[in-house]
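Novice: Dumping what TrEMBL says about this protein:
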- 21-87: domain 'DUF1899' (DOMAIN)
- 96-128: repeat 'WD' (REPEAT)
- 148-190: repeat 'WD' (REPEAT)
- 496-528: region 'Disordered' (REGION)
- 508-528: compositional bias 'Acidic residues' (COMPBIAS)
Amino acid sequence: SHRIDMETTDTASAATSKPAGIFRHSKFRHVYGKAAKRDRCYDNIRVTTNSGDAQTALCAVNPLYLAIITDAVGGGSFLVLPLDRFGRVDRDPPLVAGHRAPVLDIQWCPHNDHCIASASEDCTAKLWLIGPDLFDGGRPLTQCHRELAGHNRRVSLLVWHPTASMVLLTAGADNRVLIWNADRQLVMREIAFPDAVLSCSFSWTGARFVCACRDRLARLVDARTGRVMTECRMHSGGKPVQVVCLRDGRVFSTGFADSSGGRQLALWDGDSLASIDRRNLDDFGSSGVLLPLYDPDVGLLYLAGRGDCAVRYYELTDESPHLHYLGVYRGAEPLRGVGAMPKRGLEVGACEIGRLYLVGQRGLCQPISFTVPRRCEQFQPDLYPDTRAPASAIGAEDWLAGAEEQPLLMPVTPNNHQLVLQQQWKQNSLNATYSSNKAAAPIATYLSSSSRRSSPPLARLSDRVDRLADTVRLLAAEGADLRSRVARLEAAAAAAAAGNQHNADDKMVEDDEKDGSFESDDFLTAES
(Lines of atoms letter the chains of each structure in order from A and count residues from 1; the text may use other names and numbers.)
(Lines give C-alpha, C1' and ligand atoms only; values in the text may rest on other atoms or scores of the structure.)
Protein backbone atom coordinates (compact mmCIF):
# COMPACT_ATOMS: atom_id res chain seq x y z
CA SER A 1 0.00 0.00 0.00
CA HIS A 2 1.07 3.57 -0.63
CA ARG A 3 2.70 5.21 2.39
CA ILE A 4 3.61 8.86 2.52
CA ASP A 5 5.37 8.83 5.88
CA MET A 6 8.16 6.36 6.70
CA GLU A 7 8.24 4.89 10.20
CA THR A 8 10.35 2.34 12.07
CA THR A 9 9.27 0.36 15.11
CA ASP A 10 11.41 -0.97 17.93
CA THR A 11 12.34 -4.64 18.28
CA ALA A 12 9.62 -5.46 20.83
CA SER A 13 6.87 -4.04 18.63
CA ALA A 14 8.17 -5.71 15.49
CA ALA A 15 8.23 -9.09 17.21
CA THR A 16 4.58 -8.91 18.15
CA SER A 17 3.21 -7.18 15.05
CA LYS A 18 1.07 -8.98 12.51
CA PRO A 19 2.75 -10.48 9.44
CA ALA A 20 2.92 -8.25 6.39
CA GLY A 21 0.21 -8.68 3.83
CA ILE A 22 -2.70 -9.29 6.22
CA PHE A 23 -5.49 -6.87 5.43
CA ARG A 24 -6.70 -4.84 8.39
CA HIS A 25 -10.30 -3.76 8.21
CA SER A 26 -10.86 -0.13 9.19
CA LYS A 27 -13.44 2.42 8.15
CA PHE A 28 -10.83 5.19 8.50
CA ARG A 29 -8.21 3.83 6.12
CA HIS A 30 -8.95 6.42 3.45
CA VAL A 31 -9.47 9.52 5.59
CA TYR A 32 -8.17 12.61 3.81
CA GLY A 33 -7.66 16.21 4.86
CA LYS A 34 -8.90 19.15 2.82
CA ALA A 35 -8.16 22.80 3.53
CA ALA A 36 -10.92 25.39 3.49
CA LYS A 37 -10.94 28.01 0.76
CA ARG A 38 -9.31 31.33 1.43
CA ASP A 39 -12.63 33.11 1.92
CA ARG A 40 -13.44 30.64 4.73
CA CYS A 41 -10.20 31.31 6.62
CA TYR A 42 -9.15 33.90 9.22
CA ASP A 43 -6.32 36.19 8.14
CA ASN A 44 -4.19 39.01 9.51
CA ILE A 45 -3.87 37.55 13.02
CA ARG A 46 -0.92 38.74 15.08
CA VAL A 47 -0.03 35.38 16.58
CA THR A 48 2.16 35.48 19.67
CA THR A 49 5.77 34.42 19.41
CA ASN A 50 5.95 33.49 23.10
CA SER A 51 4.88 29.87 23.55
CA GLY A 52 6.36 29.33 27.03
CA ASP A 53 8.05 26.24 28.39
CA ALA A 54 4.95 24.07 28.11
CA GLN A 55 4.75 24.33 24.30
CA THR A 56 0.98 24.88 24.31
CA ALA A 57 -1.17 24.92 21.19
CA LEU A 58 -1.83 28.73 21.30
CA CYS A 59 -5.28 28.08 19.83
CA ALA A 60 -8.60 26.81 21.20
CA VAL A 61 -11.89 26.25 19.40
CA ASN A 62 -15.42 25.13 20.25
CA PRO A 63 -18.70 25.06 18.27
CA LEU A 64 -19.19 28.80 18.85
CA TYR A 65 -15.85 30.59 18.99
CA LEU A 66 -12.23 30.53 17.86
CA ALA A 67 -9.60 31.85 20.29
CA ILE A 68 -5.94 32.57 19.44
CA ILE A 69 -3.22 34.07 21.65
CA THR A 70 -1.92 37.31 20.14
CA ASP A 71 0.99 39.66 20.67
CA ALA A 72 0.29 42.63 22.91
CA VAL A 73 2.26 45.64 24.07
CA GLY A 74 2.38 46.19 27.80
CA GLY A 75 0.23 43.21 28.74
CA GLY A 76 -1.32 39.96 27.61
CA SER A 77 -4.28 39.36 25.34
CA PHE A 78 -5.94 36.84 23.10
CA LEU A 79 -8.37 37.13 20.22
CA VAL A 80 -11.86 35.58 20.19
CA LEU A 81 -13.79 35.34 16.93
CA PRO A 82 -17.22 33.89 16.13
CA LEU A 83 -16.79 30.96 13.77
CA ASP A 84 -18.91 32.58 11.07
CA ARG A 85 -16.79 35.76 10.84
CA PHE A 86 -14.37 34.73 8.13
CA GLY A 87 -11.88 36.87 6.28
CA ARG A 88 -9.36 39.46 7.27
CA VAL A 89 -9.33 40.40 10.93
CA ASP A 90 -9.53 44.09 11.74
CA ARG A 91 -6.35 45.91 12.59
CA ASP A 92 -7.64 46.64 16.10
CA PRO A 93 -10.06 43.80 16.84
CA PRO A 94 -11.85 43.45 20.18
CA LEU A 95 -9.48 41.48 22.40
CA VAL A 96 -9.66 39.81 25.78
CA ALA A 97 -6.97 41.90 27.42
CA GLY A 98 -7.01 41.63 31.20
CA HIS A 99 -3.59 40.15 31.95
CA ARG A 100 -0.59 42.29 32.87
CA ALA A 101 1.88 39.96 31.10
CA PRO A 102 1.81 37.70 28.01
CA VAL A 103 -0.79 34.93 27.86
CA LEU A 104 0.71 31.44 27.63
CA ASP A 105 -2.30 29.10 27.39
CA ILE A 106 -6.06 29.24 26.74
CA GLN A 107 -8.66 26.50 27.09
CA TRP A 108 -12.44 26.52 26.55
CA CYS A 109 -14.50 25.01 29.33
CA PRO A 110 -15.89 21.63 28.13
CA HIS A 111 -19.13 22.23 30.07
CA ASN A 112 -19.89 25.81 29.00
CA ASP A 113 -19.18 27.05 25.47
CA HIS A 114 -19.13 30.69 26.63
CA CYS A 115 -16.43 30.25 29.30
CA ILE A 116 -12.70 30.29 28.56
CA ALA A 117 -9.70 30.13 30.90
CA SER A 118 -6.35 31.83 30.30
CA ALA A 119 -2.93 31.47 31.93
CA SER A 120 -0.32 34.20 31.95
CA GLU A 121 3.15 35.21 33.00
CA ASP A 122 1.60 37.54 35.59
CA CYS A 123 1.24 34.46 37.89
CA THR A 124 -2.54 34.25 37.51
CA ALA A 125 -5.16 32.29 35.63
CA LYS A 126 -8.45 33.97 34.76
CA LEU A 127 -11.91 32.93 33.66
CA TRP A 128 -13.76 34.96 31.05
CA LEU A 129 -17.37 34.98 29.88
CA ILE A 130 -17.65 35.53 26.16
CA GLY A 131 -20.91 36.95 24.85
CA PRO A 132 -22.24 38.93 21.87
CA ASP A 133 -21.37 42.27 23.48
CA LEU A 134 -17.66 41.52 22.98
CA PHE A 135 -18.07 41.71 19.20
CA ASP A 136 -20.74 44.41 18.92
CA GLY A 137 -19.15 47.00 21.18
CA GLY A 138 -15.67 46.97 19.67
CA ARG A 139 -13.95 47.50 23.03
CA PRO A 140 -11.51 45.05 24.63
CA LEU A 141 -12.77 42.86 27.45
CA THR A 142 -10.70 43.68 30.53
CA GLN A 143 -12.99 42.58 33.38
CA CYS A 144 -12.65 38.87 34.08
CA HIS A 145 -15.26 36.76 35.84
CA ARG A 146 -12.90 34.89 38.15
CA GLU A 147 -9.22 35.42 38.97
CA LEU A 148 -7.19 32.48 40.27
CA ALA A 149 -4.11 33.80 42.03
CA GLY A 150 -2.17 31.02 43.76
CA HIS A 151 1.15 30.61 41.92
CA ASN A 152 4.35 32.47 42.74
CA ARG A 153 5.70 32.38 39.20
CA ARG A 154 4.22 32.29 35.70
CA VAL A 155 1.32 29.95 34.95
CA SER A 156 2.07 28.06 31.77
CA LEU A 157 -0.52 25.27 31.53
CA LEU A 158 -4.29 24.81 31.93
CA VAL A 159 -6.31 21.56 31.93
CA TRP A 160 -10.07 21.34 32.55
CA HIS A 161 -11.48 18.36 34.44
CA PRO A 162 -13.50 16.11 32.07
CA THR A 163 -16.47 15.41 34.39
CA ALA A 164 -16.49 17.70 37.47
CA SER A 165 -18.11 21.12 37.29
CA MET A 166 -15.68 24.07 37.16
CA VAL A 167 -12.62 22.08 38.25
CA LEU A 168 -9.47 23.49 36.65
CA LEU A 169 -5.83 22.36 36.90
CA THR A 170 -3.09 24.96 36.60
CA ALA A 171 0.66 24.31 36.41
CA GLY A 172 3.27 26.99 37.01
CA ALA A 173 6.98 27.61 36.91
CA ASP A 174 7.03 27.37 40.71
CA ASN A 175 6.95 23.55 40.28
CA ARG A 176 3.43 23.32 41.66
CA VAL A 177 0.14 22.06 40.31
CA LEU A 178 -3.04 23.57 41.74
CA ILE A 179 -6.48 22.01 41.32
CA TRP A 180 -9.12 24.72 41.67
CA ASN A 181 -12.81 25.03 42.28
CA ALA A 182 -12.74 27.85 39.76
CA ASP A 183 -16.20 29.22 40.46
CA ARG A 184 -15.41 29.67 44.17
CA GLN A 185 -11.76 30.65 43.51
CA LEU A 186 -10.73 27.96 45.98
CA VAL A 187 -7.63 25.72 45.80
CA MET A 188 -8.84 22.19 46.47
CA ARG A 189 -5.48 20.44 46.10
CA GLU A 190 -1.85 21.62 45.88
CA ILE A 191 0.78 19.23 44.51
CA ALA A 192 4.52 19.98 44.49
CA PHE A 193 6.91 18.43 41.94
CA PRO A 194 10.71 18.37 41.69
CA ASP A 195 10.56 20.39 38.47
CA ALA A 196 8.10 22.33 36.33
CA VAL A 197 5.22 20.47 34.66
CA LEU A 198 5.30 20.89 30.87
CA SER A 199 2.38 18.66 29.83
CA CYS A 200 -0.61 17.19 31.63
CA SER A 201 -3.72 15.14 30.83
CA PHE A 202 -6.63 13.85 32.93
CA SER A 203 -7.86 10.28 32.64
CA TRP A 204 -11.28 9.59 31.12
CA THR A 205 -13.10 9.92 34.47
CA GLY A 206 -10.68 12.47 35.95
CA ALA A 207 -9.68 10.35 38.94
CA ARG A 208 -5.97 10.75 38.10
CA PHE A 209 -3.71 12.55 35.68
CA VAL A 210 -0.40 12.00 33.93
CA CYS A 211 2.13 14.82 33.75
CA ALA A 212 5.52 15.19 32.07
CA CYS A 213 8.04 17.37 33.90
CA ARG A 214 11.18 19.19 32.87
CA ASP A 215 13.31 16.61 34.71
CA ARG A 216 12.41 14.16 31.86
CA LEU A 217 10.18 12.05 34.09
CA ALA A 218 6.49 11.35 33.60
CA ARG A 219 4.36 10.81 36.68
CA LEU A 220 0.98 9.19 37.29
CA VAL A 221 -0.77 11.14 40.06
CA ASP A 222 -3.95 10.60 42.07
CA ALA A 223 -5.82 13.84 41.41
CA ARG A 224 -7.72 13.94 44.72
CA THR A 225 -4.87 13.16 47.11
CA GLY A 226 -1.90 14.39 45.07
CA ARG A 227 -0.03 11.11 45.64
CA VAL A 228 2.44 10.14 42.91
CA MET A 229 1.52 6.54 42.04
CA THR A 230 4.40 5.80 39.68
CA GLU A 231 6.95 7.55 37.47
CA CYS A 232 9.14 6.68 34.50
CA ARG A 233 11.27 8.22 31.80
CA MET A 234 9.26 8.03 28.61
CA HIS A 235 11.76 9.49 26.12
CA SER A 236 15.48 9.92 26.43
CA GLY A 237 15.68 13.23 24.57
CA GLY A 238 15.91 16.52 26.37
CA LYS A 239 13.09 18.36 24.61
CA PRO A 240 9.57 18.63 26.11
CA VAL A 241 7.39 15.51 26.20
CA GLN A 242 3.68 15.72 25.41
CA VAL A 243 1.27 13.23 27.04
CA VAL A 244 -2.41 12.44 26.53
CA CYS A 245 -4.59 9.93 28.38
CA LEU A 246 -6.64 7.67 26.13
CA ARG A 247 -10.21 6.61 26.73
CA ASP A 248 -9.29 2.95 27.43
CA GLY A 249 -6.83 3.92 30.18
CA ARG A 250 -3.59 3.84 28.19
CA VAL A 251 -1.26 6.82 27.81
CA PHE A 252 0.21 8.16 24.57
CA SER A 253 3.31 10.35 24.42
CA THR A 254 5.48 12.19 21.92
CA GLY A 255 9.12 13.05 22.51
CA PHE A 256 12.64 12.75 21.17
CA ALA A 257 15.23 9.99 21.10
CA ASP A 258 18.59 10.84 22.60
CA SER A 259 20.67 8.63 20.32
CA SER A 260 19.30 9.66 16.94
CA GLY A 261 17.76 13.00 17.81
CA GLY A 262 14.59 12.11 15.90
CA ARG A 263 11.04 12.31 17.15
CA GLN A 264 9.37 9.36 18.88
CA LEU A 265 5.86 8.08 19.52
CA ALA A 266 5.14 5.78 22.46
CA LEU A 267 2.22 3.98 24.08
CA TRP A 268 2.13 3.17 27.80
CA ASP A 269 0.07 1.20 30.28
CA GLY A 270 -2.20 3.54 32.24
CA ASP A 271 -1.70 1.83 35.61
CA SER A 272 2.04 1.21 35.72
CA LEU A 273 3.38 3.38 32.86
CA ALA A 274 5.00 0.26 31.42
CA SER A 275 5.99 0.50 27.77
CA ILE A 276 3.57 -1.08 25.27
CA ASP A 277 4.81 0.26 21.95
CA ARG A 278 7.41 2.71 20.70
CA ARG A 279 8.43 3.89 17.25
CA ASN A 280 10.69 6.49 15.69
CA LEU A 281 9.62 8.94 13.01
CA ASP A 282 12.04 9.01 10.10
CA ASP A 283 12.04 12.82 9.81
CA PHE A 284 15.40 13.95 11.07
CA GLY A 285 15.05 17.35 9.44
CA SER A 286 12.18 18.31 11.79
CA SER A 287 12.84 19.33 15.37
CA GLY A 288 9.53 20.83 16.45
CA VAL A 289 7.54 19.38 19.33
CA LEU A 290 4.67 17.13 18.21
CA LEU A 291 1.32 18.25 19.64
CA PRO A 292 -1.08 15.28 19.97
CA LEU A 293 -4.80 15.89 19.38
CA TYR A 294 -6.89 12.89 20.42
CA ASP A 295 -10.42 11.95 19.33
CA PRO A 296 -11.78 9.61 22.06
CA ASP A 297 -14.94 8.74 20.12
CA VAL A 298 -13.29 6.85 17.25
CA GLY A 299 -9.71 6.48 18.50
CA LEU A 300 -8.01 8.77 15.98
CA LEU A 301 -4.88 10.71 16.83
CA TYR A 302 -3.63 13.81 14.98
CA LEU A 303 0.00 14.89 15.36
CA ALA A 304 0.85 18.49 14.47
CA GLY A 305 4.51 19.45 14.69
CA ARG A 306 5.35 23.02 15.54
CA GLY A 307 7.26 24.49 12.62
CA ASP A 308 6.12 21.68 10.31
CA CYS A 309 3.88 21.97 7.28
CA ALA A 310 2.41 18.49 7.82
CA VAL A 311 -0.21 16.92 10.09
CA ARG A 312 -0.04 13.14 10.50
CA TYR A 313 -3.02 11.10 11.66
CA TYR A 314 -3.17 7.61 13.13
CA GLU A 315 -5.67 5.08 14.39
CA LEU A 316 -5.24 3.52 17.82
CA THR A 317 -6.34 -0.08 18.40
CA ASP A 318 -6.13 -2.64 21.20
CA GLU A 319 -4.16 -5.20 19.21
CA SER A 320 -0.54 -5.02 18.15
CA PRO A 321 0.60 -3.00 16.31
CA HIS A 322 -1.43 -0.54 18.30
CA LEU A 323 -0.67 2.58 16.25
CA HIS A 324 -1.71 2.46 12.58
CA TYR A 325 -0.60 5.17 10.23
CA LEU A 326 -3.43 6.54 8.07
CA GLY A 327 -2.04 9.50 6.17
CA VAL A 328 -0.67 13.01 6.25
CA TYR A 329 -1.94 16.44 5.32
CA ARG A 330 0.70 18.81 3.95
CA GLY A 331 0.15 22.54 3.95
CA ALA A 332 2.11 25.43 2.51
CA GLU A 333 2.85 27.37 5.69
CA PRO A 334 4.80 26.33 8.80
CA LEU A 335 2.59 25.62 11.77
CA ARG A 336 2.53 27.91 14.79
CA GLY A 337 -0.56 26.73 16.69
CA VAL A 338 -3.42 24.26 16.31
CA GLY A 339 -6.89 23.69 17.73
CA ALA A 340 -9.33 20.77 17.39
CA MET A 341 -13.09 21.19 16.98
CA PRO A 342 -15.29 19.01 19.25
CA LYS A 343 -17.41 16.42 17.47
CA ARG A 344 -20.65 18.34 18.07
CA GLY A 345 -19.35 21.21 15.94
CA LEU A 346 -18.59 19.20 12.79
CA GLU A 347 -20.52 18.93 9.53
CA VAL A 348 -21.50 15.33 10.18
CA GLY A 349 -23.83 15.22 7.18
CA ALA A 350 -20.75 15.41 4.95
CA CYS A 351 -18.88 12.56 6.77
CA GLU A 352 -16.53 15.02 8.46
CA ILE A 353 -14.96 13.20 11.41
CA GLY A 354 -12.43 15.86 12.43
CA ARG A 355 -11.52 19.48 11.90
CA LEU A 356 -8.29 21.19 12.87
CA TYR A 357 -7.63 24.92 12.87
CA LEU A 358 -4.02 25.44 11.83
CA VAL A 359 -2.47 28.79 12.75
CA GLY A 360 0.46 29.66 10.49
CA GLN A 361 3.44 31.83 11.25
CA ARG A 362 2.18 34.51 8.84
CA GLY A 363 -1.09 35.04 10.67
CA LEU A 364 -3.42 32.81 8.67
CA CYS A 365 -5.76 30.42 10.50
CA GLN A 366 -7.01 27.76 8.09
CA PRO A 367 -9.61 25.08 8.93
CA ILE A 368 -8.63 21.59 7.74
CA SER A 369 -11.52 19.14 7.37
CA PHE A 370 -10.82 15.40 7.69
CA THR A 371 -13.45 13.35 5.85
CA VAL A 372 -14.21 9.69 5.29
CA PRO A 373 -15.10 9.22 1.59
CA ARG A 374 -18.46 7.53 1.16
CA ARG A 375 -20.46 7.11 -2.03
CA CYS A 376 -23.75 7.52 -0.24
CA GLU A 377 -24.51 11.16 0.54
CA GLN A 378 -26.73 10.34 3.51
CA PHE A 379 -25.72 10.50 7.15
CA GLN A 380 -23.42 7.63 8.15
CA PRO A 381 -24.21 6.69 11.78
CA ASP A 382 -21.40 4.13 12.02
CA LEU A 383 -18.86 6.98 11.88
CA TYR A 384 -20.38 8.86 14.80
CA PRO A 385 -20.71 7.12 18.17
CA ASP A 386 -21.96 9.12 21.13
CA THR A 387 -19.75 12.06 21.99
CA ARG A 388 -19.19 14.23 25.05
CA ALA A 389 -22.05 16.53 25.95
CA PRO A 390 -21.42 20.11 27.10
CA ALA A 391 -22.51 19.44 30.68
CA SER A 392 -20.76 18.28 33.84
CA ALA A 393 -21.63 14.93 35.38
CA ILE A 394 -20.72 15.76 38.98
CA GLY A 395 -20.06 18.72 41.26
CA ALA A 396 -16.63 19.85 42.40
CA GLU A 397 -17.23 19.08 46.08
CA ASP A 398 -18.67 15.64 45.31
CA TRP A 399 -15.69 14.80 43.12
CA LEU A 400 -13.23 15.85 45.82
CA ALA A 401 -15.14 13.70 48.34
CA GLY A 402 -14.54 10.60 46.19
CA ALA A 403 -17.48 10.41 43.79
CA GLU A 404 -16.61 9.31 40.27
CA GLU A 405 -18.72 9.50 37.11
CA GLN A 406 -18.22 8.86 33.43
CA PRO A 407 -18.49 11.91 31.14
CA LEU A 408 -22.01 12.62 29.94
CA LEU A 409 -22.52 11.54 26.35
CA MET A 410 -24.94 12.67 23.67
CA PRO A 411 -25.87 11.24 20.26
CA VAL A 412 -24.57 12.82 17.07
CA THR A 413 -27.26 13.45 14.45
CA PRO A 414 -27.09 15.13 11.02
CA ASN A 415 -29.53 17.96 11.69
CA ASN A 416 -29.12 18.58 15.40
CA HIS A 417 -25.37 18.66 15.88
CA GLN A 418 -25.32 22.35 16.91
CA LEU A 419 -26.05 22.63 20.62
CA VAL A 420 -27.72 25.43 22.50
CA LEU A 421 -26.92 25.16 26.19
CA GLN A 422 -29.75 25.51 28.64
CA GLN A 423 -27.29 27.37 30.82
CA GLN A 424 -26.51 30.46 28.73
CA TRP A 425 -23.75 32.92 29.51
CA LYS A 426 -24.59 35.11 32.50
CA GLN A 427 -22.57 37.66 34.42
CA ASN A 428 -23.46 36.26 37.84
CA SER A 429 -22.91 32.50 37.63
CA LEU A 430 -20.73 29.91 35.96
CA ASN A 431 -22.13 26.87 37.74
CA ALA A 432 -23.23 24.28 35.19
CA THR A 433 -26.17 22.16 36.18
CA TYR A 434 -25.29 18.57 36.90
CA SER A 435 -26.99 15.44 38.13
CA SER A 436 -25.83 11.98 39.15
CA ASN A 437 -28.76 10.59 37.18
CA LYS A 438 -27.53 10.82 33.61
CA ALA A 439 -30.95 10.19 32.14
CA ALA A 440 -32.39 13.15 34.04
CA ALA A 441 -29.47 15.50 33.52
CA PRO A 442 -30.51 18.61 31.57
CA ILE A 443 -27.73 18.28 29.04
CA ALA A 444 -28.75 20.52 26.15
CA THR A 445 -31.41 21.63 23.74
CA TYR A 446 -30.86 21.08 20.06
CA LEU A 447 -31.27 23.64 17.34
CA SER A 448 -32.43 22.25 14.01
CA SER A 449 -30.61 23.89 11.15
CA SER A 450 -30.11 22.84 7.56
CA SER A 451 -27.05 25.02 7.15
CA ARG A 452 -24.82 26.15 9.98
CA ARG A 453 -23.19 28.90 7.98
CA SER A 454 -26.48 30.42 6.85
CA SER A 455 -27.91 30.57 10.38
CA PRO A 456 -27.33 33.61 12.64
CA PRO A 457 -24.58 33.42 15.26
CA LEU A 458 -25.60 31.01 17.97
CA ALA A 459 -24.77 33.34 20.84
CA ARG A 460 -26.92 36.15 19.40
CA LEU A 461 -29.80 33.77 18.76
CA SER A 462 -29.59 32.49 22.34
CA ASP A 463 -29.60 36.07 23.63
CA ARG A 464 -32.73 36.83 21.58
CA VAL A 465 -34.46 33.75 22.97
CA ASP A 466 -33.64 34.88 26.51
CA ARG A 467 -35.00 38.36 25.85
CA LEU A 468 -38.19 36.97 24.29
CA ALA A 469 -38.70 34.64 27.26
CA ASP A 470 -38.30 37.57 29.67
CA THR A 471 -40.78 39.61 27.62
CA VAL A 472 -43.32 36.77 27.67
CA ARG A 473 -43.00 36.45 31.43
CA LEU A 474 -43.49 40.20 31.89
CA LEU A 475 -46.53 40.23 29.61
CA ALA A 476 -48.05 37.28 31.46
CA ALA A 477 -47.57 39.04 34.79
CA GLU A 478 -49.06 42.25 33.42
CA GLY A 479 -52.01 40.29 32.00
CA ALA A 480 -52.70 38.67 35.37
CA ASP A 481 -52.53 42.07 37.06
CA LEU A 482 -54.89 43.59 34.48
CA ARG A 483 -57.38 40.74 34.93
CA SER A 484 -57.33 41.30 38.69
CA ARG A 485 -57.87 45.03 38.28
CA VAL A 486 -60.73 44.47 35.84
CA ALA A 487 -62.41 42.08 38.29
CA ARG A 488 -62.09 44.65 41.09
CA LEU A 489 -63.47 47.41 38.89
CA GLU A 490 -66.43 45.28 37.83
CA ALA A 491 -67.20 44.46 41.45
CA ALA A 492 -66.96 48.14 42.39
CA ALA A 493 -69.18 49.14 39.46
CA ALA A 494 -71.80 46.56 40.45
CA ALA A 495 -71.73 47.77 44.04
CA ALA A 496 -71.99 51.37 42.91
CA ALA A 497 -74.91 50.57 40.61
CA ALA A 498 -76.74 48.78 43.43
CA GLY A 499 -76.03 51.67 45.81
CA ASN A 500 -77.25 54.30 43.34
CA GLN A 501 -80.52 52.41 42.80
CA HIS A 502 -81.13 52.23 46.54
CA ASN A 503 -80.41 55.94 46.94
CA ALA A 504 -82.79 56.74 44.07
CA ASP A 505 -85.63 54.78 45.77
CA ASP A 506 -85.04 56.60 49.06
CA LYS A 507 -85.18 59.95 47.24
CA MET A 508 -88.53 59.07 45.65
CA VAL A 509 -89.97 58.15 49.06
CA GLU A 510 -88.85 61.43 50.56
CA ASP A 511 -90.37 63.41 47.69
CA ASP A 512 -93.68 61.56 47.94
CA GLU A 513 -93.87 62.11 51.69
CA LYS A 514 -93.33 65.82 51.22
CA ASP A 515 -96.11 65.97 48.62
CA GLY A 516 -98.41 63.73 50.74
CA SER A 517 -99.30 61.60 47.77
CA PHE A 518 -99.47 58.39 49.89
CA GLU A 519 -99.06 57.23 53.42
CA SER A 520 -96.08 55.33 54.74
CA ASP A 521 -98.19 52.21 55.23
CA ASP A 522 -98.97 52.22 51.54
CA PHE A 523 -95.28 52.64 50.81
CA LEU A 524 -94.40 49.69 53.02
CA THR A 525 -97.03 47.60 51.29
CA ALA A 526 -95.70 48.61 47.89
CA GLU A 527 -92.14 48.06 49.03
CA SER A 528 -92.94 44.56 50.24
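Yeah, the Cβs are placed from backbone N, Cα and C, and that goes for glycine too.
Give me the local environment of each listed feature.
Specialist: Per DSSP, the domain 'DUF1899' (21-87) is made up of 3 helix, 25 strand, 39 coil.
Counting only same-chain residues 6+ beyond the ends of the repeat 'WD' (96-128), those with a CB under 8 A from a CB of the stretch are 48, 50-52, 54, 56, 58-65, 67, 69, 72, 75-80, 134, 140-149, 151-160, 162, 165-166, 168, 170, 172, 180, 182, 342, 388, 390-392, 419, 421, 423-425, 430, 432, 459.
Residues 52-54, 56, 101, 104-107, 109-111, 117-127, 196-202, 204-206, 209, 211, 221, 223-226, 388, 392-400, 404-408, 429-432, 434 of the same chain sit 6 or more residues outside the repeat 'WD' (148-190) yet have a Cβ under 8 Å from a Cβ within it.
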Novice: As a quick check of your reading of DSSP, tell me how many residues in the repeat 'WD' (96-128) are helical, how many are strand and how many are coil.
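Specialist: Helix, strand and coil residues of the repeat 'WD' (96-128) number 0 helix, 21 strand, 12 coil.
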Novice: Please work out the helix, strand and coil residue numbers for the repeat 'WD' (148-190) from the DSSP assignment.
Specialist: 0 helix, 26 strand, 17 coil
